[in-house]
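Novice: The structure that follows is given in the form of structure tokens.
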Amino acid sequence: MLQIIILAAGKGTRMKSSTAKVLHKLCGKSMIEYIIEESLKLTPNIDIVLNHQFEKVSETVKNYPVNIVKQDLEKFPGTGGALKEVPIKGDKVLILNGDMPLIKAEELKKFEELDADIVMSVMKLDNPDGYGRVVIENGNVKKIVEQKDANEEELKIPYVNAGVYLFKKDVLNKYLPKLSNNNSQKEYYLTDIIEMVEKDGLTIKAIEVDEENFKGVNSKKDLAHAEEIMCERIKNFWMQNGVIMHLPETIYIDAYSSFEGECEIGNGCVIKKSVIIESEVRALSVVEEAVIKNSGIGPMARIRPKSELVNTHIGNFVEVKASRLNGIKAGHLSYLGDSEIDEGTNIGAGTITCNYDGKAKYKTKIGKNVFIGSDTQLIAPVTIEDDVMIAAGSTVNKDIKKGSLAISRAPLKIIKNFYYKFFGREN
């Protein structure tokens, strides 16, 4: 059986972040989670080597069926040191890095198909400056040369080490104990095994991999580029499954959102952790942790977490938060928070549910076929029963019974010729 070991113990100092490198997110999901999910497509036998922010990373991956190993950096530093603490269980062992969130299972599968003592990934770069070169003869790796040690011919080699390896079990069991930390950094290097194996005449096959999938994330700039690629993959998947997207390069969809039926997404939309079913989300709208079914949203609307909208129209500049809306219309300029509103109800422009008193939040419940006039304030907690009309400009702070009209306005007072008196002008 294949065993996969994911090396994720490093600090990632080049990220310049208080967050562990592998916990940085692309489209809402951490790098380490992407790698685990792709690995699980190949084998259930997965080990993750951790150290930096051990508790936080462990908490992130606790729901995955993986074995967690804590690397002792004092006794066994380095990539080779990480392997010294992992029991070798598989007939073949695939070594991955925790900062490669774009890897794909189908590409990793190709490593198993090669018959060699070691399979080593290489990337062909247009500009390999700054990288060590991999010398390959007839598909076999002969040596890895650091750029500073390379001769003129070796500097012309476009192949560099991509950092992913497949070892036969016997190779690791034989050569891991031979690893030495007799170097300037006092670390155990995994690449030293490559040198020992080559000297002993064993086979090291090179496999060329896609730079986009295997290039590691080492900085915030790398992270932004990787997220751009991941978001593109997510959008392509949903478009291939029938979702219409207008100017998709302007749309952000995270890894946890899903679409069912015929859906349409306008330009500039942001959709996070949401389920969109047979609905249209129009331009420049934001939907977060919500369920939208048979509804039209936007343009320029915001649907916040814990909201469920069914058969509903939400227009421009309407914000919905933690509300269940069934068959209603809120065309423009409203805030509906902590609300339950039933079918046939019309929400006039400027309607506000006043759900917070400075200490706690309260619910607004509105029944069926309610007409709420413009510029209405609903002071929660409040219940409005079916078939109610609320006049424009009203402030509602009491429950309203079925079939009633509610109106709260100061009487209109008209003072004749006031304008002329105020400004001292004649009529």
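Note that Cβ sites are derived from N, Cα and C of the backbone, with glycine treated the same way.
Grabbed the feature section from Swiss-Prot, which reads as follows:
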type: REGION; residues: 1-220; note: region 'Pyrophosphorylase'
type: BINDING; residues: 7-10, Lys21, 78-79, Gly132, Glu146, Asn161, Asn218, Arg304, Lys321, Tyr335, Asn346; note: UDP-N-acetyl-alpha-D-glucosamine binding site
type: BINDING; residues: Asp99, Asn218; note: Mg(2+) binding site
type: REGION; residues: 221-241; note: region 'Linker'
type: REGION; residues: 242-427; note: region 'N-acetyltransferase'
type: ACT_SITE; residues: His332; note: active site, proton acceptor
type: BINDING; residues: Ala349, Asn355, Tyr356, Ser374, Ala392, Arg409; note: acetyl-CoA binding site
Novice: Which secondary structure state does DSSP assign to Tyr356 (acetyl-CoA binding site), in the simple three-class scheme?
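Specialist: In the DSSP reduction, Tyr356 (acetyl-CoA binding site) maps to strand.
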Novice: Among Lys21, Lys321, His332, Arg409, all listed as recorded positions, which has the most CB atoms within 10 Å of its CB?
Specialist: Lys21
Novice: Taking only the residues the record lists as binding acetyl-CoA, namely Ala349, Asn355, Tyr356, Ser374, Ala392, Arg409, what is the largest Cα to Cα distance between any two of them, in Å to the nearest whole number?
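Specialist: Comparing all Cα pairs, the maximum is 23 Å.
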Novice: Among all the protein chains here, how many other CB atoms are within 10 A of the CB of Asn218 (UDP-N-acetyl-alpha-D-glucosamine binding site)?
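Specialist: Step by step: centre on the Cβ of Asn218 (UDP-N-acetyl-alpha-D-glucosamine binding site), count other Cβ atoms within 10 Å, giving 14.
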Novice: Specify the count of other C-beta atoms within 10 Å of the C-beta of Glu146 (UDP-N-acetyl-alpha-D-glucosamine binding site).
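Specialist: Result for Glu146 (UDP-N-acetyl-alpha-D-glucosamine binding site): 10 other Cβ atoms within 10 Å.
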Novice: Per DSSP, how many helix, strand and coil residues does the region 'Linker' (221-241) have?
Specialist: 20 helix, 0 strand, 1 coil
Novice: If you measure Lys21 (UDP-N-acetyl-alpha-D-glucosamine binding site) to His332 (active site, proton acceptor) at Cα, how many Å is it?
Specialist: 42
Novice: Out of Leu7, Thr79, Asn218, Tyr356, Ala392, give those binding-site residues positioned within 10 angstroms of Asp99 (Mg(2+) binding site), comparing C-alpha atoms, in sequence order.
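Specialist: Near Asp99 (Mg(2+) binding site), where near means Cα within 10 Å, the binding-site residues are Leu7, Asn218.
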Novice: Name the residues of the same chain, 6+ apart in sequence, whose Cβ is under 8 Å from the Cβ of Ser374 (acetyl-CoA binding site)?
Specialist: Gly348, Ala349, Gly350, Thr351, Ala392, Gly393
